């Protein structure tokens, strides 16, 4: 990785023009995995803007449109006169063909979706070291009917004659498949060929370089002013705390609001870690009773979220006034927050998609609009996996770097129905057992999330020849790459048995354990 400053001051080596593809962000991530800096920008970005950025390559993303339909998204045609290598992916390839004099029509046979063997006709340039017959991921209903003058075929599939094409003398390339998705077995080979062999990029997107430049940028931006950070204990805010502490030290104040819905031992661990071990200035705000009292009698999940969000804002306002004044508010905004999926928020100056709101603090609601802070967002050009690498390099322990995603409202939305002290204690104990056994089995880092849910019903059971009526606990473990989709994790029966036995024997008030085997979609990862 390079740095957030690279994003702000250094030009990207590769620009991805986004035509509405669900994979545009993934293309950027894959390029960064090759240690080359990339940015996603709107397809409306002008050729003049791109010329000023001086990228070494341009990628035209896929998209849901058809180039021959009215209203289809088109890029500035002058892009093809910049003398910069271009790679069109799926819709991007069709657009390039259409713009340069070829033709695109609905697929004559049938649309091609899913895995397809790629037959390589010309194993040079873009397809160097791509094995003929390797699997590539297809997702298109249109196909190229006629190539523009000078273009040649590089590969085909059984349903797509022009699966990869090239205009070698201008370094224009197109692929009908998606090299960025994990199902394309040689997709990264294609991406590396374009980035290094065709665009002649240098590997300069490294973690250490990011840290050095980000520290310098924060120091320049902040000067001798004071910065406030709302610390949740998640990987984003924790990494940001370490980075800012390295940059400005005592000018940073972290506010940790304990709303009473964290997992067992977490508040104590976070305070001992940040405040005592690393001497980062953390103000601990114990608001447990305040939050739970507001939830008395509340069973609707949306109401719970709104109440927790409202109270967080009130506590944040009160405490920032007490601890301040502060000049800057630090936020753990990440690049996916900047890349708005709707594509409607376009910066007219840069052509980039932009976030238009202050990021909600760990999903519990936006911060007050009238807080007069300037923003410090040094992570805003990083993806989640890049943040983990930065955190690791800064010295964050695996307990935080590899911490599973945790909802802002915490255990309050893993207790269905009303939240009480008794239910919280019960769920904390059960949740700890789930995580302990997953960790003992060496599975923690292989699973996206693993947690327990408490149901607001009584289940009949028998313990010691006595009939019992107690709560059931749901075990929820899912595998995912980004949380957008997820599948339930196939845990070994022995691990499930240990989890079940320990919960019913060690957790008071529970007599049954069930396993949630619902994928997302149709379900969500959380129950509320």
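Note that Cβ sites are derived from N, Cα and C of the backbone, with glycine treated the same way.
What Swiss-Prot says about this one:
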ACT_SITE  90  active site, nucleophile
ACT_SITE  178  active site
ACT_SITE  180  active site
BINDING   232, 233, 234, 235, 236, 237, 238  ATP binding site
DOMAIN    13-204  domain 'Glutamine amidotransferase type-1'
DOMAIN    205-403  domain 'GMPS ATP-PPase'
As a whole number of Å, the Cα atom of residue 237 (ATP binding site) is distant from the Cα atom of residue 180 (active site) by 29
Densest Cβ environment (other Cβ within 10 Å) across the binding-site residues 232, 237, 238 belongs to 238
Argmin Cα dist to residue 236 (ATP binding site) over the active-site residues 90, 178, 180 returns 180
For residue 178 (active site), the spatially nearest of the recorded positions 90, 233, 234, 235, 238, using Cα atoms, is 90
Quick note, residue 180 (active site): same-chain residues at least 6 apart with CB under 8 Å of its CB -> 23, 26, 27, 29, 30, 89, 187, 191
Sparsest Cβ environment (other Cβ within 10 Å) among binding-site residues 233, 234 belongs to 234
Rounded Cα distance in angstrom between residue 233 (ATP binding site) and residue 90 (active site, nucleophile) is 40
Rounding to whole Å, the Cα atoms of residue 90 (active site, nucleophile) and residue 234 (ATP binding site) are apart by 37
